[in-house]
Amino acid sequence: MNAHALFPTFSLLATALGLACAAQAQDAMPKPATPEACLAIQADAARLTCYDTAFNRAPSSTEAADTAAAQAAERKRALDQSAAEAASAATTRRQGALYAHELDVEANAGKGSLLDSRWELAKDSKLGVFQMRAYKPTYLLPMFWTSDINNTPSSPNPDNTVTTPQDLQREEAKFQISFKTKFVENLFGDNGDIWGGYTQSSRWQVYNGEASRPFRETNYEPEVMLVFRNNYSLGGWHGRMTGISLNHQSNGRGDPLSRSWNRVILSAGLDRENWAFVVRPWWRIPDGNDDDNPDIENYMGRGDALLVYSKGGHELSLLGRHSLRGGDESHGAVQLAWGFPIDRNLRGHLEVFHGYGESMIDYNHKATYIGLGVSLLEWF
């Protein structure tokens, strides 16, 4: 057989051998035995290709579809997150600083301020419930003098008018205790605390031995307060708190010396550095026909304002109140107090009061009072 005759035969053999090698090489390529083998692949694209190979699907079309679906899902997640953030911001603006959930920086903006030190307003200042806290000043004034003692307390109600003068001296002692405790903390989100407060002040005729040293007047003042943390600025002052309270004040005596009233009090407090300012308008709850003192608002006022300066152990406070009426119904009072350091835990206390209502029994009696003694606690 010559070479020309063998050439076609060798060509056919070579072609067959090449096809066999190609088929064997294709069969030798790695291929997952089951779809479960693809679970170990971390990369999303490689894992999709693995599944395509396992199920004999064309990767080009499925990859494009899966990629488009993944991109659409990512865009939806981004839009949902943006919408949620916008809704949260809108809710915070609508609720204001009253009882929205705030960022830690905002919730602790007033930490360490004067009002925060007494009301635990900042988020990190809260100390829990049912712990005794200072409220109003607590003091003892062995010397308390008045320019005009009220021997015949009176009222528009004839059942509450004294007709026989009492045997009283202008010199007496006065003391006051005041405290509060928190009943509920963070009532609305991370804001809003319910406090219960109690203040009691007494005027004691301790130097009046001929009359057996009686207590001339004691006032009892329990109240429940709902207080919110604020965070705003107003003319260089920082708004720290707002509140609403239900207040009862009385002297616990029978006729004709009985005096009492109940109020709903709104309050707003601001501070700056060593200063604090609290304003409180109120509304008296009507007492009915048996009112001990029907005109008490025209003397003890329809609101008050307190300004306090505290630095270096010294504290000056100015308290004013007014009837917010004109003419014959225009009455009020002003009180200036100074707390000054004596010892580490003791301060001196000087108090000057002028106007109406130094006590409940004297609600419509105008006089000047001067007191000197010691205090355990001042406003701050």
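Using N, Cα and C of the backbone, Cβ positions are placed for all residues, glycine too.
Please treat TrEMBL annotations as automatic predictions, because they have not gone through curation.
For reference, TrEMBL has these:
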- HIS248: active site, proton acceptor (ACT_SITE)
- SER250: active site, nucleophile (ACT_SITE)
- SER212, ARG253, SER258, ASP292: Ca(2+) binding site (BINDING)
- 1-25: signal peptide (SIGNAL)
Surrounding CB atoms that lie within 10 Å of the CB of ARG253 (Ca(2+) binding site), all protein chains: 16
Rounded inter-Cα distance in Å - ASP292 (Ca(2+) binding site), the residue listed as 'active site, nucleophile': 10
Largest tally of Cβ atoms lying within 10 Å of a Cβ, found at which of the recorded positions HIS248, SER258, ASP292: ASP292
SER250 (active site, nucleophile): secondary structure state under DSSP, collapsed to three categories: strand
Neighbourhood of SER250 (active site, nucleophile), C-beta criterion under 8 angstroms, separation at least six: ASN219, TYR220, SER258, ARG259, SER260, TRP261, MET360
The residue listed as 'active site, proton acceptor' and SER212 (Ca(2+) binding site), Cα-Cα, nearest whole angstrom: 30
